[in-house]
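As written in Swiss-Prot, here are the features:
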MOD_RES   SER2  N-acetylserine
MOD_RES   SER16  phosphoserine
MOD_RES   SER20  phosphoserine
REGION    221-294  region 'Interaction with PIMREG'
CROSSLNK  LYS238  SUMO2 cross-link
MOD_RES   SER303  phosphoserine
MOD_RES   SER315  phosphoserine
REGION    543-568  region 'Disordered'
COMPBIAS  544-554  compositional bias 'Polar residues'
Amino acid sequence: MSGQSLTDRITAAQHSVTGSAVSKTVCKATTHEIMGPKKKHLDYLIQCTNEMNVNIPQLADSLFERTTNSSWVVVFKSLITTHHLMVYGNERFIQYLASRNTLFNLSNFLDKSGLQGYDMSTFIRRYSRYLNEKAVSYRQVAFDFTKVKRGADGVMRTMNTEKLLKTVPIIQNQMDALLDFNVNSNELTNGVINAAFMLLFKDAIRLFAAYNEGIINLLEKYFDMKKNQCKEGLDIYKKFLTRMTRISEFLKVAEQVGIDRGDIPDLSQAPSSLLDALEQHLASLEGKKIKDSTAASRATTLSNAVSSLASTGLSLTKVDEREKQAALEEEQARLKALKEQRLKELAKKPHTSLTTAASPVSTSAGGIMTAPAIDIFSTPSSSNSTSKLPNDLLDLQQPTFHPSVHAMSAAPQVASTWGDAVDDAIPSLNPFLTKSSGDVHLPISSDVSTFTTRTPTHEMFVGFSPSPVTQPHPSAGLNVDFESVFGNKSTNVAVDSGGGLLKPTVASQNQSLPVAKLPPNKLVSDDLDSSLANLVGNLGIGNGTTKNDVSCSQPGEKKLTGGSNWQPKVAPTTAWSAATMAPPVMAYPATTPTGMIGYGIPPQMGSVPVMTQPTLIYSQPVMRPPNPFGPVPGAQIQFM
């Protein structure tokens, strides 16, 4: 990071913020450091070209944008990165470059920041011209000459005459652009131009190998060509000899800068007699006078030239194969180094990794062993079922989760419907809160066995035990069962199945609900006079009302009030949204005072308002009993 400029860091940070990893890597590969692009950045960009979800035009545009920089270092490194991707990247990259009309418009580039900028600007212009020519060549022949198959069955050796005469000049133009780089060993003074020279050196070897195979194919077909084709072929061969001389000079520069001698191919010159034979054959086709030459001599000369060029091609192929082998060995060495580094890291911290890996398992195992899971929907065990048999007289087919449901819903509703007369005499601080059922003082059975024999299902709501339900205390002197008079005595509460603790149950669809127990405002109390007065008032004695005085104030749809259709009315949650109450089936006595309506709601037209306890200011609406002929709770007695 020390060689990077502040501009490079800001640009990389901007791409990091925008989330463009490709643009950030392009910026990192083309910094102002006077050195070649780093291998890690080039490898990342190569991998990006192989990914189908990477936008190749965006990658190329990022590189083109970097070439507009005024610094020769940034521009040169941008060209090197582009060249590297064209050679080693996916073919989609060079296909996109070939589809563009123009690539690099750097023919007038000049960096005037220093003397080195002037010198490097010259090579930048030459280098950009070669890259443009490389893309144009791909556009014309639809393949890269540096990547074509070589050998006896290669692309250039099996090409027909017409196509061969059109393809070889394209290779010549690309070779001319490469050799025009024309750098000396004294000018390779920095890492940037050295990186560009290495890429050009590898391209020169591969390109000349394809060029050499094209010439071999041309010579083999030369004596069978027409006159015009022979003329074109002779011109191509003369240019080939010139470029062979230039490529030899280029390879000498590579040897001078320190490239291994084994990586430089040996170029074998064709015999000069071959050129004379080609010229004589063309002259004979044109009708000129030539010295006599036999077909055998021409065949010998041609075979010698082809063998010389074939040896050159073999040398070029060996160099290419050696380069591939070196690349494979380098990758294997890197992989081996990574494995050794990984083994060292594991050897340093063996206990820590094992401990951290085993800790969660051991902790969870210990938790499982110490805290067994409770299945709230499982059936009771055999021991619990045996101990529950004496108390399970009426609930033989009762589901195990019924007590839990009643513990949440039914018990608090019954216990808090009327409240206690003594406790409710004092107004609550918050009239909108339901009075807690815990304030009701009830005698609780001392039978502890009922709790010890409870199944785990009963304990599914730990800490939320059901509120006790008030039982009416029968009078010592009077034991009157008024419910049995009308034949609707409930049998569901005849047996105490809870051992002293009431155990509410959920009624099914085909089972009638039991008569609701009266809250602490009891019909029958310890005082005989008050009990008789309440009973007489409920029966309507002395007010002249008979059973035939039943009136229906609304001609609408009748709704049954008893049986499975009965639903308790819950107090409204707010003072302005009162619950709609259905009109009673039987009219109340005219002398019965209505009291105050709960929460100050006016009575409905054509119906009797809900009766509430007169002494309460904020009380809840009364639950309508299922028996229309039963006692009406909350009515007061007036003696006529």
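Glycine residues also receive a Cβ, built from the backbone N, Cα and C atoms like all the rest.
Since we're looking at a predicted model, the values are computed, not measured.
Confidence over the region 'Interaction with PIMREG' (221-294), given as mean pLDDT on the 0 to 100 scale, stands at 84. The two recorded residues, SER20 (phosphoserine) and SER303 (phosphoserine), have Cα atoms 58 Å apart. Each residue contributes its Cα atom, and for the residue listed as 'SUMO2 cross-link' and SER16 (phosphoserine) those atoms are 55 Å apart. Taking the Cα atom of each, SER16 (phosphoserine) and SER303 (phosphoserine) are about 62 angstrom apart.
Counting only residues at least six positions away in the same chain, no Cβ atom sits under 8 Å from the Cβ of SER303 (phosphoserine). Here the Cβ of SER16 (phosphoserine) has 13 other Cβ atoms within 10 Å, regardless of which shown protein chain they belong to.
The Cβ neighbour count for SER20 (phosphoserine), using a 10 Å radius over every protein chain in view, is 15. DSSP assigns SER20 (phosphoserine) to coil in the three-state reduction, outside any helix or strand.
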